[in-house]
Structure formats: C-alpha cells, structure tokens
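One structure below.
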Amino acid sequence: MWRSLGLALALCLLPYGGAESQGQSPACKQAPPWNIGDQNPMLNSEGTVTVVALLQASUYLCLLQASRLEDLRIKLENQGYFNISYIVVNHQGSPSQLKHAHLKKQVSDHIAVYRQDEHQTDVWTLLNGNKDDFLIYDRCGRLVYHLGLPYSFLTFPYVEEAIKIAYCEKRCGNCSFTSLEDEAFCKNVSSATASKTTEPSEEHNHHKHHDKHGHEHLGSSKPSENQQPGALDVETSLPPSGLHHHHHHHKHKGQHRQGHLESUDMGASEGLQLSLAQRKLURRGCINQLLCKLSEESGAATSSCCCHCRHLIFEKSGSAITUQCAENLPSLCSUQGLFAEEKVIESCQCRSPPAAUHSQHVSPTEASPNUSUNNKTKKUKUNLN
C-alpha cells in the first residue's frame, strides 16, 4: 500500500514523467500524428491504454528492455489489466534497422514492433523522445506520462505504476472509451487497496511499541534479518528530482558509495553470485571517459562525455549480468552497460550540451567540443570550437 503511494507521489513530482532526455512533452495532449508506412499505430490502439517504447535494436540494453516489456505485459494481464496496447518503435538509424529482427524476437505477437522508413519523418523526433523512453497514453490518446532514463528502466517500478495510473485514474479527465468492465475492475482495485490501509497502520503501531523497548533487548542496534546494513529500497527510494544522493560524498568511508554496497549485497541475496573481483569493481564503480557523437542537427561534432555512474544495480539475465546506473547524470550523459567478468562496459547516450556549455567560450583543447562533468559538483564544463 505505502509502496504504491510512494511511487504515485514520485510520479506526480516528476515533471512530465521525469524524462530529462526530451523537451517538455505536452501532458494530457493528444499524440502528434505519426505513421509508419501506411499504418497509424495510435489510431489502431484507440480505446486502450497505449504504451509506446522507443527502443534501439543495435543496443544490448534495449533488447533486454524489450524482453522485460514482454514480462511486464504478462504480469499486468495476470493482474487483470487487459485493455493495453504495447508499441515498440525501433530507431531509424541503419544499424538498428539491420538488427530489427533481433528486437522483434524479444517480444511476442502481442507487442507490435515497428521498423521506421528512413525516408519518413523520424517518429522519435515527433514524440520528443530518446532511446529507452516510454510514453503512456490514456484510452483517448492523451499523454499521461513520458518517462526517460533512469525512470524508464523496467527493473524499476515506475513504468508499471504509470501504466496502472493511466489505466484506472482520470489524470487527463473523462474518456468516452472507458468501458463499464474497466470501471468495475478499477473500482475493485481501489477497494482492495483501501482495505489494506488498516494493516500497515496496525503493524506500524506494533513496531513503535517494540521500538520503545529496543534498548532492553540485548542492547543491540543491528539491522533486521531481512535488511542489509546501510541498504536502501531500490524500487522506492529513487529520488523524484535531481537530488540524487549528493550527500554521500561528504559522509565517512563506511557510508560512501552506498549504492554499490547495496547493489552487490542485493545481488548476492537474490542468488546472484559475484566474484571477489566483481564485488571490488562494484564498490569502486564505473567511471569511464566515453566518446559521444552528437546529432547532426545540433551542428556539433564528436564530443567527449564523462559518465560517473556511482549507484549501480546488477541483475542477471541468462548468462549475462547487466550493470545499470540508478541516478541522475549530467544532462549530456546517460550511462548503461554490460557487466561481463571483471569489466564494466559502458555506453554513453549523448544529448545536446547544456546551455551553460554554449555560454562558456573556453579555448578549445581539441578539434571537437569537449564536455567533462565533475562528479562532485554535478556540473559540466565544455570547450567549444
């Protein structure tokens, strides 16, 4: 109950779903008209809650996201959320088009995967979206949430919660396509949620009673059996704003890089066995200098982007272990990667440099723009031509 309320509150606080990767999406507005070939996916899904995922077939993590989207679809259907249309739009670039079959293979026929025509207007551009973005529309085709990294990672519950909100809550007003069956289902969901409100209250009072006697029991302040020392709830503790654990850098060594300790311990507790070298790397974090190529529209050439990924989440999928960044990074960077053996391989998704970078006329050190980000101050400094 409280977990759901926390997620809903976090989603409310996120501006347009917290997606930093795109310009401000028009909340509760109809999706702009877009077609792929002679098909109109949004028109075809009218009357259902529509989930549009912008995934890149040439990206390993995107393939993993597609597989997780299929798992999420099955999970929601098992919970009774049936009237949902799932749409995946592949990137328009040639590398992604060549690997389109790999992307389509990750999902069932219940999820439509569209290949863009390179001669048509880029759908991602029309939707103000970037790689790994999720756009959730209500039954009338109005945008309820636009989630970008890191909130769109399906290892987090934000996409699932956003879909449920779009399904049962009238965030954008009434919709004539809402059926009586959907209203009855949502009423039952609301009643079931309300019936659980008394249970946490009673449990909370019970814990308060025991807290008063905590010093009498062995004089111990050890964490509970199910709690790792210094651990956080990964699913619900992700801050909804830019205030992402900056204070960790000022605490003593035992609390420094708390996200790493949490991730490693969490993985081990779930049967994910990491080697000693992997655990050391996990605590050290992934800090790589990565080269990025900005979009041609920005008029900028290749730039250098420093991604500092300090709060890692490890998850095993098949024979691979994925390493994901669970924090806000400078607007220029987005870290994600594959944790293989003793190395963290990061890829960097570049965005247009912040306005502050454009205003700084520093003598260039290279033939191309060079933007570096200070991990402590979370500020970017750019040398432009």
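A Cβ is built for glycine as well, from the same backbone N, Cα and C atoms used for every other residue.
What Swiss-Prot records for 1-19 is signal peptide, and it gives experimental evidence as the kind of evidence. Summarising the annotation, Swiss-Prot assigns N-linked glycosylation site to Asn83, Asn174, Asn188. Sequence annotations record features per position, and here Swiss-Prot assigns region 'Disordered' to 196-262, 357-385. If you look up Swiss-Prot, you'll see 243-258, 376-385 marked as compositional bias 'Basic residues'. Among the features that Swiss-Prot reports, phosphoserine is placed at Ser269, with the record citing similarity to another entry. What Swiss-Prot lists as compositional bias 'Polar residues' is 360-369. The feature O-linked glycosylation site is assigned by Swiss-Prot to Thr365.
Sequence features, as recorded in Swiss-Prot, placed on the structure.
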residue: Asn83; record: N-linked glycosylation site; DSSP class: coil
residue: Asn174; record: N-linked glycosylation site; DSSP class: coil
residue: Asn188; record: N-linked glycosylation site; DSSP class: helix
Among Asn83, Asn174, Asn188, the glycosylation sites in question, whose Cβ has the most other Cβ atoms within 10 Å in this structure?
Asn83
For Asn188 (N-linked glycosylation site) and Asn83 (N-linked glycosylation site), determine the Cα separation and express it in whole Å.
16
Round to the nearest Å and give the CA-to-CA distance linking Asn83 (N-linked glycosylation site) with Asn174 (N-linked glycosylation site).
17
